[in-house]
Structures are given as C-alpha cells and as structure tokens.
Amino acid sequence: MSTMSTTSTHDKTTVDQEAHPSSIDLEKQPKNTGGDKFFESNAGDGTTVFDQYLTGIPLYLCFASCFISLFLIGLDQTIVITLLEDVGSKFNAYDKIGWIASGYMLTMAVFAQTWGKFSIIFGRKYSLLSAIILFEAGSLMCALANDMNVLIGGRILAGIGGGGIQTLVFIVGTEMVSIDKRSLAFAFFGVSFSISTIVGPLIGGGFTEHVTWRWCFYINLPLGAIAFTCLFLFFNPPLPKYTWKQKFGAIDYIGTFLLTSGLVIFLLALTFGGQEFAWNSGAVISCFVIGGSLLIIFCIWNFGFSDKQIIPLHIIKVWKVDFPVLTLFCVFFCFMSLIVFLSTYFQVVQGSGPLSTGIQFFPMIIALVISSISTGILIKKTRYIKPFAMFGAVIGAIGCGLMTLLEVDSNRGQKIGYLILPGASIGILLQTSIMSSQLEAPKIAGSTILTTALFNFARSLGGAIGADLAQAIFNSSVKNKLKQAIANHPSSFSGVSMSEITGALNRPDLLRSLPSETTQAILRAIMGAIRNVFYTATAVSCLTVVFVVCFSNRRVPAAEHVMKRAEDDTEKDKQEANEEANEEANGQEDQQEEDKPQQV
C-alpha cells in the first residue's frame, strides 16, 4: 500500500513538471525512431510536429494568407523607389528621403531572428498575427503622414512587422505541411516575395503618377486585413504549454538588445556612408566601431554565457546548415543590388518611365516563376536538392556577368536575354537553400524553427547590406568617373556649371535638359558606375557557387518515411497508454484482493 502511494505521488509530480516546466526547454530531444525514417525536431514549446499539419480548406486559406503577406512585405521594399522625389518635394525634406527605404529594410533585417525565438515562446499563430498588426499600423501611419518624421516612423514600424512576417511565414509553412511536400510550398512563397520586390517600382510609379503616392501604403491595409482574418479563423495550432511568467522568462533581453542595437548602428554606417557623410567622417567611423563592438559582445554573450540563445550554438556548429544560410545572404545581396540599379539603368540611362521600367523586368519575373515552380516539382519528384542548387548558382554567376555587358544604347534583345538567367537563379536558390538547411537542422527541440529564422535573417540582412553597399559603390564610382570625364573631355562640359551636373545626378528629369554632348558624357559616367555595381554582384555570385558546392548531398525523405514515423509514434504512444492502463487495472485488482477479509 505504501509503495503504491509513493509511486502515485511520484507520477503526479512528474506530470505536473511536464505540464508546467520551470523554463522553456529548447534542448529536449524528440523521439528517435531509428532506421531510415526522417523526423524533424519539435518546436520546444510542448507541442509536436504532427500537431501542426493542415489539410483541406484551412490549408489552402492559410497558404493564400501567407502568400499575400509575403507579397506585401516584398512590395514595400521597392514600391517607394519611384515616390521619393514626390515625397521629398511634398514635405520639403529631400535630406531625409533616404530613410523612407532604409528605415524599412534596416528594421526588417534586424528583427528577423528575434521573431523566430518569439514564435517558440508565444506560439506561431499569435506571433504572426502580431507582426501583421505592426506592419498594418506602420502602413497606416505612412498613408496618413503629414510630415516626413511621421512617414519615417511608420516605415520603421512597418519594417519591424515585416521582419516578423517574412520569418514567420516560412516557419508556419514549415509546420503546415511535411517536408516531402514542402518544396512546392516554398516555391510559391519565393515567387510571391521575389515578384513583389521586382514589380514594386511599377506599382509605385502607377500610383504616384495617376493617383497619389499615399496609395503605395493604403494598398497594404485591405490585403493585410484579409490575410489576418483567414489566419485568425483557420490557423489554430496547439498553443505553447507554458505560463506567461515562463514565456517572458524565456526571453534573452540582454542578447536581444545587443543584437538589435549593434545591427542598427552598423547598418546606419553602411546606409549613410558615402552619401550624407564621408566614409572617413567621425559619424560613420563611430557607427562602425560602436556597432561592430556591440555585435562582438553579442557573440560572446550569446555563445558563451546565455542559456536562452537567440542564435543557438548547436545550429551554427552544423556547417551543412551554415552554407545554405550564407548562400541566401549572397543571393539576396545580388538580388537587391540588381533590382535597384537595373531600375536606375532603365529610368536614368535609357529614359524609361516607371511603367515602362516595370514592363522591362518581365523577363526576370517570368524566368523566376518558371524556375521556382519547376524546381519545386522536380525536388518533389526526384527528392534531390544539391544538383538543382548547383545549376542555379552557376547560371546566377553567368547572369550577373552578362549584366556587366549592358551599355547606354543596349538593344531590347540584350536586355531581355541578360535578365533571364539571374531571375531563374533566384527562383531556384531560394527554395533549395532553405530545404537543404532544414534537412540538416539538429534534432534538438526548436532547431527547425530557429534554423528557418536564421535563414530569413541572412536573407534580409543580405538584401539590406547589398542595397546599401551597392548605393555606396555607385555614388563613389559616379563621382570618380565624372571627374575623369571632365578632365579628359572638358569640351563636353563647356558652359555647364558643376552645380548643374550635380543637380542632374540628383534629379534625373533635369539630365536631358542639358546640352546633348554633356548629357551623353554624364550617362556614360552613370553607366560605368552601374557596371561597377554589377561587377560586385558578379563576384558575390561566384562566391555563391563555392558555398553551394558545400551543400549536403542528402535527399528529401520519401513520403512513406515521413508518414511512417508519425504513425509509428502514434502506435507507440497508444501501446504505452494501453500498457499503463493494464498495469493500473492489475494494480487495482491486486489491491482489492489484499483488502478482502481473510476467509478461514
């Protein structure tokens, strides 16, 4: 009797500890079924992988909501390119227009990894809904802004939400379907984000020319509301099984502060170095030193002292995860460099309007869509990843190299042909990189989610640094090439003041009002500067080829292996439950026998 009571008390204590742990345990190892069966780590929040899968109408509605959300945050990266002049004139604040783009992209990059950790602590559903609310609130602030400071504040708020959306959509996509079906889902996510980034200038130009620039932000409100509603109603995964005290106790406040502040300050140096401030100015040097120091301190804290790591060391140690992450950093470094300065090439060098510029991106869009969807289908059919990634990396390097052949007077055939390969490369590498990293994610609980967050962190950081560094290279190059042109061909600039030349660079619409010979000389200088940006993109894309060679050779598991693991767990759990029930029943029978009066 005493033994039974002790066992019962012990079991109750164990159950209570499992239901209400003192802290969120990200180190708990999931069941290993052995053999050739593939299993992913659980979230680390008390739920299991198989609790999250969706089917039928909820799956399609949630997938569509994620697609829309990604489209909107991608659109917001580039839709502002064509409205900067109008907004600067409207608010008489040309000195601040750089913040309209950088304020959004900078915060989106900075908070991407933090949102991944929050999704484990607070749950994927409410983390994603919170990110959408922040994005919508920031968009509304921008649409209603009556001065530049409010507009910039709205862009920063939208960027924080956008960082959450881009990370959490891929995490939710990871949990909505099993890994054998995931390649096609990621293909459509990649199409959504990439196409919206490309067509942003087209849509922004249309609104700015024919309606008002405010509609560049109003457009987010109804579409975001639809996505929010569908996710709220139809995405109902199990909630994390922890108290609010445990949730807030699981946040690494010191690490979050060090990472975000360090990245913000460091990226500010890249954003404004060579533009508003000289590279050797005190402001830029201070930002590099302070930002870099904070990031070094973060690494020491995160990997050496923190027990709530934002970027877990056990993930960083897996080089087969690191190389896909580095690949995506390079891919989006090149992607944003090409998008921004192809727009400059079409609009400034060739004199195209916003609508015509958007149309000229169609070869890249079509190639991206076809390559992304076809690669998703092929991965699902063949279960291979690395061969497609190798192909995508090689054609990406070739495509960036072809971009350097563009001239002031390049014909339509050249422009169409040169844009196809980079578009196809991006469509292939986005999904192959994330699939490869997820296959090799450690089996420690929470690892798949944090690996996916790291992937999106690298992607957004690569895009932000790529755009900023490309702008810095362009600014430095165009000044040097103009000096060379003036020194070598002074007759081309006779009768034109330096202020007129500078004004033409800042206001492309004034460029063609200068004498024809001067205009052509300036265009050649601008084209040379753009070519230097493309040279940089080519070098980075060649680095991508090296990283892809180091990808894992592992294949995507077959459906029967993934599903068999779930069924085995279910059967095993049922068997264990039945055994426990039988033991309990036998114990009760034995106890009843003991309690019966002895009969003589």
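Each residue, glycine too, has its Cβ placed from N, Cα and C.
Any TrEMBL annotation is an automated prediction that lacks curation.
Feature list (source: TrEMBL):
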type	residues	note
REGION	1-33	region 'Disordered'
COMPBIAS	9-30	compositional bias 'Basic and acidic residues'
TRANSMEM	59-84	transmembrane segment
DOMAIN	62-556	domain 'Major facilitator superfamily (MFS) profile'
TRANSMEM	96-116	transmembrane segment
TRANSMEM	128-146	transmembrane segment
TRANSMEM	152-172	transmembrane segment
TRANSMEM	184-203	transmembrane segment
TRANSMEM	215-236	transmembrane segment
TRANSMEM	248-270	transmembrane segment
TRANSMEM	282-304	transmembrane segment
TRANSMEM	325-346	transmembrane segment
TRANSMEM	358-379	transmembrane segment
TRANSMEM	418-435	transmembrane segment
TRANSMEM	533-554	transmembrane segment
COMPBIAS	562-577	compositional bias 'Basic and acidic residues'
REGION	562-600	region 'Disordered'
COMPBIAS	578-593	compositional bias 'Acidic residues'
Subject >> Chain residues outside the transmembrane segment (184-203) and at least six past its termini with a C-beta under 8 angstroms from it >> reply: 63, 66-68, 70-82, 166, 169-170, 173, 176-177, 216, 219, 335-336, 339, 343, 354-355, 357-359, 361, 364-365, 368-369, 372-373, 375-377, 380, 426-427, 430-431, 434-435
Subject >> the transmembrane segment (325-346) and the transmembrane segment (96-116) contact flag, 3+ Cβ pairs under 8 angstroms >> reply: no
Original post:
Honestly, do the transmembrane segment (128-146) and the transmembrane segment (418-435) touch, with at least three Cβ pairs under 8 Å and pairs 6 or more apart in sequence?
Top reply: no
Subject >> Taken over the domain 'Major facilitator superfamily (MFS) profile' (62-556), the model's mean pLDDT >> reply: 85
Subject >> For the transmembrane segment (282-304), distant same-chain residues with Cβ under 8 A (at least six beyond the ends) >> reply: 252, 254-255, 258-259, 261-269, 272-273, 310-311, 313, 316
Original post:
So what's near the transmembrane segment (358-379) in sequence-distant terms, Cβ-Cβ under 8 Å and 6+ beyond its ends?
Top reply: 183-188, 190-191, 194-195, 198-199, 201-203, 205, 342, 346, 352, 385, 388, 392, 415-417, 419-428, 430-432, 435, 556
Original post:
Restricting to the same chain and to residues at least six past its boundaries, which positions have a Cβ under 8 Å from a Cβ of the transmembrane segment (96-116)?
Top reply: 73, 76-77, 80-81, 83-85, 87-88, 127, 131, 148, 151-152, 155-156, 158-160, 162-164, 166-168, 171, 256, 259-260, 263-264, 267-268, 271-272, 275-276, 310-311, 449-450, 452-454, 456-457, 459-461, 463-464, 467-468
**OP:** Please indicate, using numbers and ranges, the residues of the same chain that are 6 or more beyond the transmembrane segment (248-270) and have a C-beta under 8 Å from a C-beta there.
**Re:** 23-24, 102, 106-107, 109-111, 113-114, 117-118, 121, 242, 284-285, 287-288, 290-295, 297-298, 301-302, 306, 308-310, 461, 464-465, 468-469, 472
